Structures are given as structure tokens and as C-alpha cells.
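Pulled from Swiss-Prot:
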type: ACT_SITE; residues: Tyr156; note: active site, proton acceptor
type: BINDING; residues: Asp42, Asp68, Asn91, Tyr156, Lys160, Val189, Thr191; note: NAD(+) binding site
Amino acid sequence: MSSAIYPSLKGKRVVITGGGSGIGAGLTAGFARQGAEVIFLDIADEDSRALEAELAGSPIPPVYKRCDLMNLEAIKAVFAEIGDVDVLVNNAGNDDRHKLADVTGAYWDERINVNLRHMLFCTQAVAPGMKKRGGGAVINFGSISWHLGLEDLVLYETAKAGIEGMTRALARELGPDDIRVTCVVPGNVKTKRQEKWYTPEGEAQIVAAQCLKGRIVPENVAALVLFLASDDASLCTGHEYWIDAGWR
């Protein structure tokens, strides 16, 4: 698909968490096409190295850095190494299925840490540098799941609901420094991982539930994120922006 070019993104320093596969890979590729300097964080070495090689011909080739976002010291270390940035995309997460009866205290901590906690601490790490650079954009990833009340995802949905609240609070706190904080809420996005799950019948059910009949792919999500990161969205902050084809 073709996409808009945002001159304001050229040369911007962008960090994308979970940028090595799925929606994240689409984000990494999208910012690279804009001429941004992209650093993407992940723990999936094989996928991330493959993406790095695939995008090596970009105006500024993206750089992969391995970082376990569940480790707060690792977050501090990687951002100290990266330095100041203009854009942070908090994309990383994991929607492991579970039943209420199976949830333990340790599993609660793990799910909240992998889906919510790192977003706060990554934002904390970049905010001083963004202030010094005269502003910036933080884009968090929510989920349609808790708006729909999907089953077997209570901790994932709890974390994703929290992200929307955190977005609003951070937008208020960081706004005086011209740091914008927004939240993207994707619908059902067709990634390589999801292609392994869904039968043709399942695909048809997803499309039937949408107002629009197109299937959402990572490039569609990236198009929204690129806009929110650009100067064209200079007065967009504190709210959720949906890309769900009307599935709600």
C-alpha cells in the first residue's frame, strides 16, 4: 500500500518497542521509509535480525537492540545507550490466553509487567530528553479487546485498559513541555502470527463483524502511528485513536 510522506519525520530519532515482528515490524518499516533514524527493541533475535537485514537499504537503516522490557535496569541501560529521542512508540505486549481460576500472583505480575509497566518506564526514560529537544511524541498501544470484553484475556485487558488511563495522565503531565502522548487502539490485525491461528471461516467472521470489509494489516496501523508522530498531529494528545474497521 502507498503511504503519505511526512517531512517532519525525516531524521527524527524514533524508538519502537517490540519492533521486530508483527505490528512492530510494520512500524519499523514505516518510520524507516520516512527517513527517520529508527532503533527498535525486542527479544526475538531471529525475526529482528531478519528485519534489520531487510531494511538495510533504507535512507537510515534501522538498528536492532535487544532489550528485555520486563527488566527495569535493562530499560535504563538501553535508553542511556540510545540517548535523546523525538518519538517513542510503546508497542510491545503479549496476549497470552488464561482463565481466571489459573491466575496466580506471579502470573499477574508477569502479565502486567509485559503489557503495561514498561510503557511507563520507557516514557520516564525519554521524557527529559524530549523536553531538552523542545518536545516529542509518545504513542502507546492499547487494544480493542477490553472494549469488547473478549474471553480468556482478563489480565491483558486489565493492562490495556490501564494504558488508556496512563495515556491521559501522562498527556496532562508532559503537555507543558510540548510532549504529546496518544494511544492507538487496533482492531484485529492480520499478522504472520495470526495467520497461524485463523481458519478461512475465522477470517470471514472477523470481516463480517467489521463495518468495512477490508482486513487490517500492520501497514494500516503504521499509517495512523506515522501521522500521530508527525508535526501534522501537533495538537493531538491525551486521547485514543482507533484503527478497527468499525469492529465494535
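Using N, Cα and C of the backbone, Cβ positions are placed for all residues, glycine too.
Taking CA atoms as the reference points, Thr191 (NAD(+) binding site) and Tyr156 (active site, proton acceptor) are 19 Å apart. Distance from the CA of the residue listed as 'active site, proton acceptor' to the CA of Val189 (NAD(+) binding site) is 16 Å. The full span of the recorded NAD(+) binding residues, Asp42, Asp68, Asn91, Tyr156, Lys160, Val189, Thr191, taken as their largest Cα to Cα distance, is 24 Å. A simple Cβ count within 10 Å picks out one of the binding-site residues Asp42, Asp68 as the most packed, and that one is Asp42. Using a 10 Å radius centred on the Cβ of Val189 (NAD(+) binding site) and all shown protein chains, the other Cβ atoms total 20.
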